[in-house]
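Pulled from TrEMBL:
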type	residues	note
ACT_SITE	B:S550	active site, phosphoserine intermediate
BINDING	B:35-42, B:114-118, B:169-172	GTP binding site
BINDING	B:G476, B:L477, B:S478, B:G479, B:S480, B:G481, B:K482, B:S483	ATP binding site
DOMAIN	B:26-240	domain 'Tr-type G'
Amino acid sequence: MTEPQTLTHLQRLEAESIHIMREVAAEADRPVMLYSIGKDSAVMLHLAKKAFYPSPPPFPLMHVDTTWKFQDMYKLREKAARGAGMDLIVYQNPEAEERGINPFDHGPLHTDMWKTEGLKQALDKHGFDAAFGGARRDEEKSRAKERIFSFRTATHGWDPKNQRPELWNIYNARKKKGESIRVFPLSNWTELDIWQYIMAENIEIVPLYFSAKRPTYEHEGGLFMADDLERLEKVMGYRPEVTERSIRFRTLGCFPLTGAVESEAATLQEVVQEMLLTTTSERQGRVIDKDAGDASMEKKKQEGYF
Amino acid sequence: MTDPIYKTDALIADDIEAYLDQHQNKSMLRFITCGSVDDGKSTLIGRLLYDSKMIFEDQLAALENDSKRVGTQGQEIDFALLVDGLAAEREQGITIDVAYRFFATEKRKFIVADCPGHEQYTRNMVTGASTADCAVILIDARKGVLVQTRRHSFLCHQLGIKNLVLAVNKMDLIDYDQEKFEAIVADYRKFADSIGVEDFTAIPMSGLAGDNITTRSGNTRWYDGPVLIDHLETIEVSSTASQAKPFRMSVQWVNRPNLDFRGFSGLIASGTVKPGDELRSLPSGKTSTVKSIVTMDGDLDQAVAGQSVTITLADEIDCSRGDVLAAADSPPEVADQFETTIVWMDDEPLVVGRAYWLKLGAQMVSVTVAEPKYEIDVNNPSGSGSHLASQTLHLNQIGVCEITTDRRIVFDSYADNRALGGFILIDKITHRTVGAGMLHFSLRRSQNVHWQPTDITRDHHAAMKNQTPRVLWFTGLSGSGKSTIANEVEKKLALMNRHTFLLDGDNVRHGLNKDLGFTESDRIENIRRIGEVAKLMTDAGLIVLTAFISPFRADRQLVRDMIDAGEFVEIHVDTPLEVAEARDVKGLYKKARAGKLKNFTGIDSPYEPPEDPEIRVNTVEMTPEEAADYIIGRILPLK
């Protein structure tokens, strides 16, 4: 008998995520992987490649776009999908497009129309009955209680009081017509786990996570990157004052909504070092959690936000 | 304030490479904390997160704010607020669901299942315990071993948790009294022995004051055991322990990118595997040897329990999702009748005899549960009165029950292997997870009854009659015209030289089922027997017609599952209640309305119409004869 081999936490997290993805591939009629182009999505996509190797992942990749993402994100999106041998579906809510919904004039409606409504429309249009998302339980308090297989009604609502018990690693994927499942294979990963795995597996992420000299402007007390100055000017009604600064991002979303941090961390090691020494939590850079006080994420999810 | 668990800030700043190296090789332990709000559970977890720096500054600011506003600790930090998640729970001040928390030390990453303690949340505790390697059972030192301590310990033991920690909390409130601590431990040991717990570790601590959690407390100099974190860092993880057991892997997915590659993907449940190992595929029993263990990072020389892999075999053997690959010389058992312990998790109680889905590993089969042999009193699991008589199981009740699956499944006893012994039960109509169970052993009778292969097969029987067997299942309200139409259909089929038989209330209730009454389980047994008889008759080549109200979808589904695919034809005789009641041929509606007939379908008992029947006839628009013609038109050619 050989000495038992103790698996590391990353090996066990990887094995669990792969197991979850294979269950969905085997039991769902029409699964899809939601891809936000952030670091968590990058890890999730990498795990999908591993889960089904040497086959390509047996589902498409879908980005619910707001048209306001960073240019660097759009570039990596195309490349990542090709690299995985997966079909890429990009969905933009036509109504939001028609009404010119943007982060400056419309506030919370921007997220609601482009992301929440856009996602519901995209899922309905393609008839997807299971959608992978990269959310983690350590991100936010109400996530800590969400299941790995999270059920949504035909109108995409989430009922936190009516979740199915999840025992061992047995997942109940059965559902009625019209109902769907959101599946979170990274549920048990923490932010540090994600970074360590990116480092260990050499996963490509958007360069915006690393510090570089970038054009920035200040707006309502936050520091932002002038990713598309022409467009900013058009919606803001004036040309913001732009200065070069060494900045990076801890989380990526729409460029006018994603706060930058001044930083010199230009390598993975330095980024992790900065993360470990820093004392503000990841979602703080994003405005989305705060608009209804304490219970806002829970409320958003009941309405269908991912 | 005690020292934080991370003492490595300096290392992070000075030598990030060394730090990352250290953290790259951490192991992972999952544990559950049991205890009620009063025992200081949330406070303990809050402190673990706080001390290991899993709280960021902005969260801390919010915490301090909240502590002053709604906290229970005056101006002090209320750690419990950190871990109370959902808005509904905050309002009620209790933890309802299972929440998962994360923290890490230099040696380990920890996943904590934070579960509520009240009896009405047994379901949640069992869920949290199912994945745990270890359980931390909190007791309030002022109160000692309580009913809930016994319940929590019993449930953790049932779910197979080998490492129990008895956290005697709030020692600060009893002045760190050694004698009181030891009396509690002795009391607990007596109980632990009585339910078969072999060992546990008792630690005197205070979550609020921080004694013996991360650092040894000066207040308990008489205590020489481990502090909580040290203990959690050293206990063996169960996936490591299970490597010593025989190899098992449930096949989740067959990987077939092209004709030259056929791989079996799954998570290794126990043991180890190497190229050249002889494996047996179950239930078929066929053997082959491992050709390669394929991963995206290259083929492996060996894989162990806890890894997700893809295995290719040297021979083309039949193996698909749900099958189990196992060490050829010590395979798991295959059976269809078992003794189990079941925890009921749904608001609607268990219906004895109803068909549920059972999922075990990647196997999904239809199952029926017999009347519990007994229910276990979870509050008094070791006493002489711990076995309660019970006809069913309600939410949060636990019972020992025999179950029968519709085909043989591959299993190990739960005590040997959680992954091949634990199962969930799913309602076929609502799709909810209604129960969870643990297989103990197979029942001998299932192994000793062998099918007698006969030379005259069912195909022969059918061919001699020059027809295709069918079960025409008529369902509808009393007075809808089921029997009348079924009778018309049979007459017409007879004229077409078809061999038929009509089962109805008269010829079944007076003979085969005369021992059955009208309780819910009798009603299901009635339908089950009719289904079995119909099935035998189709084996004999007959076209069977049945005319029963059969108001419940689940019951009709039970029969549908028994009959060969395509042979079951559900016919909804669709008549509005007003029409059926106006007809009232037998005067039954009148009696029911007068309260002289209880549980009468349509009046005080529901009728669940088929959602998607093969045939629907509307008796308001059609005469019985027209309906019969329509049905025959739909089922022909019957060859």
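Here the Cβ of each residue, glycine as well, is placed from N, Cα and C on the backbone.
Where the annotation comes from TrEMBL, it is an automatic prediction and has not been curated.
Projection of TrEMBL feature records onto the structure.
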{"residue": "B:D38", "record": "GTP binding site", "Cβ neighbours (10 Å)": "15"}
{"residue": "B:C115", "record": "GTP binding site", "Cβ neighbours (10 Å)": "28"}
{"residue": "B:H118", "record": "GTP binding site", "Cβ neighbours (10 Å)": "16"}
{"residue": "B:G476", "record": "ATP binding site", "Cβ neighbours (10 Å)": "27"}
{"residue": "B:L477", "record": "ATP binding site", "Cβ neighbours (10 Å)": "23"}
{"residue": "B:G479", "record": "ATP binding site", "Cβ neighbours (10 Å)": "23"}
{"residue": "B:S480", "record": "ATP binding site", "Cβ neighbours (10 Å)": "26"}
{"residue": "B:G481", "record": "ATP binding site", "Cβ neighbours (10 Å)": "26"}
{"residue": "B:K482", "record": "ATP binding site", "Cβ neighbours (10 Å)": "28"}
{"residue": "B:S483", "record": "ATP binding site", "Cβ neighbours (10 Å)": "20"}
Sorted by sequence, non-B:G476, B:L477, B:S478, B:G479, B:S480, B:G481, B:K482, B:S483 residues with Cβ within 8 Å of centre, ATP
B:I549, B:V573, B:T575, B:A580
When you tally the Cβ atoms that lie within 10 Å of each candidate's Cβ, which of the recorded positions (B:S478, B:S550) has the highest tally?
B:S550
Of the binding-site residues listed here (B:G35, B:D38, B:S480), which is spatially closest to B:S550 (active site, phosphoserine intermediate) when Cα positions are compared?
B:S480
Helix, strand or coil at B:K482 (ATP binding site) [DSSP, three-state]:
helix
Comparing the Cα of B:K482 (ATP binding site) with the Cα atoms of the binding-site residues B:G35, B:K41, B:C115, B:M171, the shortest distance belongs to B:C115
If I take the alpha carbons of B:G35 (GTP binding site) and B:S478 (ATP binding site), what is the distance between them in whole Å?
53
In all the protein chains shown, the tally of other Cβ atoms within 10 Å of the Cβ of B:G35 (GTP binding site) is 24
Smallest Cα-Cα separation from B:G481 (ATP binding site) among the binding-site residues B:D38, B:H118, B:M171 is shown by B:H118
Cβ-Cβ distance under 8 Å to B:M171 (GTP binding site), same chain, at least six residues away
B:A141, B:D177, B:F181, B:P204, B:M205, B:S206, B:D211, B:N219, B:T220
Across every protein chain in view, the count of C-beta atoms other than its own within 10 A of the C-beta of B:K41 (GTP binding site) is 26
Minimum Cα separation from B:K41 (GTP binding site), reported as the residue among binding-site residues B:L477, B:S478, B:G479 that achieves it
B:L477
Could you round the CA separation between B:H118 (GTP binding site) and B:L477 (ATP binding site) to a whole angstrom and send it over?
44
Express the distance between the Cα positions of B:S480 (ATP binding site) and B:D38 (GTP binding site) as a whole number of Å.
59
In DSSP terms, helix, strand or coil for B:G35 (GTP binding site)?
coil
Nearest to B:C115 (GTP binding site) by C-alpha distance, among the binding-site residues B:G476, B:G479, B:S483, is B:G476
In DSSP terms, helix, strand or coil for B:K41 (GTP binding site)?
helix
Under a three-state reading of DSSP, tell me whether B:M171 (GTP binding site) is helix, strand or coil.
helix
